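Engineer: Right, I'll just put the structure down here and ask away after.
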């Protein structure tokens, strides 16, 4: 039986934040969720997330999972205290117990599996991950005696000689839970921190083993924004390298960010300062950017999107968007259409070969095939209480600076006069025009201020 305990009770004072440390995000996913995801790959029987500071907020951040249980640690009196509470609350302390911190987002399932395999192969009481650091400041030092761990001394309890030891404790343990439960209650807070250390169990158990791995950044804990930024960079580099090997070109890739869920086709060019978020899918041969933000959207073949934002929408094939366009949620732009500069589209459908080239707002609308929307066109869709729909048939031409007051339905091949305010439906093949007569007053003299 395999159980996992994730320590996530701390406040994270050095983050200088009102957000619990484990809820800070890297590439759109919290530190805690990343640790949970790695642990789920081990197929454990149960996962215990030990919370404390803002416990409700932490618990609500985790999607429902029958295997995940929450244990509250109050007060937060150290890692050993957290496991003392866990052992008291769980009736059956049996099998293996994997313990790790909730702030090690780069830990991989492969490393955790290697630790479990070592533990099983040597029938150990406790096994833990260690690594050698050139600058071990802040980490507990691990002291070996032959093949076994003799003791662990926390940084603040080390003397000058002990601080010279470069082998550090990564804070990832695998225990024989039954043996651990027999000694865990005896731990005391006799140290400079006045906390109960889980590391004290190592010297109390007979068979303590070390899995030493290379210091490749995987074990980096997050205690401040600098470390958070470094982990973000590591993950982003990994994501972008994967896409580049699959045929994607990045122009100034350091300025771009890509979500892990995003799918990007071959021969796509991602220009500078472009950010792809959520479950976005971009098909082959597109040019995205520069200065573009796309979230949870599908972008078809041979599209060009520059200096624009696209949220929760579908852009089909051979479409140009931008510069400075804003495609808002629930919009669908069909193939060979064009969305030009300073255009906002919201909850609307534009069928094939439609064009909205300049300075327009299209909201809650259905625009027919091969329809041209003139510069400055506004769909007035809100009456102060609710939104209304605008429908325009195919092959229509909406004149510049037209206001379409919804609800309204214009037929096929309808033309509207420039500067019109259209409030009534129009039939197929009609001209709709509504404007006051121009009056010219001769010899007009402007009043001077």
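Glycine residues also receive a Cβ, built from the backbone N, Cα and C atoms like all the rest.
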Engineer: Please pick, from 272, 375, 380, the residue that Swiss-Prot records in the acetyl-CoA site together with 418, 435.
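Structural biologist: So the acetyl-CoA site in Swiss-Prot includes 418, 435 plus, from the candidates 272, 375, 380, 375.
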Engineer: What's the CA to CA span in angstrom from residue 140 (UDP-N-acetyl-alpha-D-glucosamine binding site) over to residue 223 (Mg(2+) binding site)?
Structural biologist: 15
Engineer: Same chain only, please: residues at least 6 beyond the ends of the region 'Linker' (226-246) with a C-beta under 8 Å from a C-beta of the stretch. Say none if there are none.
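Structural biologist: Tertiary neighbours of the region 'Linker' (226-246) are 15, 24, 26-27, 105-106, 217, 220, 253, 256-260, 264, 266.
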Engineer: Are there any residues in the same chain, six or more apart in sequence, whose C-beta is under 8 angstroms from the C-beta of residue 361 (UDP-N-acetyl-alpha-D-glucosamine binding site), and if so which?
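Structural biologist: Once residues fewer than 6 apart are set aside, residue 361 (UDP-N-acetyl-alpha-D-glucosamine binding site) is near 343, 344, 346, 377, 378, 379.
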Engineer: Kindly state the mean pLDDT of the region 'Pyrophosphorylase' (1-225) in the predicted structure.
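Structural biologist: When the pLDDT values over the region 'Pyrophosphorylase' (1-225) are averaged, the result is 95.
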Engineer: What is the nearest of the recorded positions 103, 223, 358, 375, 435 to residue 328 (UDP-N-acetyl-alpha-D-glucosamine binding site), using the Cα of each?
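Structural biologist: Closest by Cα: 358.
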Engineer: Given the recorded positions 21, 78, 358, 375, 435, which one's Cβ is surrounded by the fewest other Cβ atoms within 10 Å?
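Structural biologist: Taking 21, 78, 358, 375, 435 as the recorded positions, the minimal 10 Å Cβ count falls on 435.
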Engineer: When you rank 9, 21, 78, 103 by Cα distance to residue 375 (acetyl-CoA binding site), which of the binding-site residues ends up on top as the closest?
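Structural biologist: That would be 21, nearest by Cα distance.
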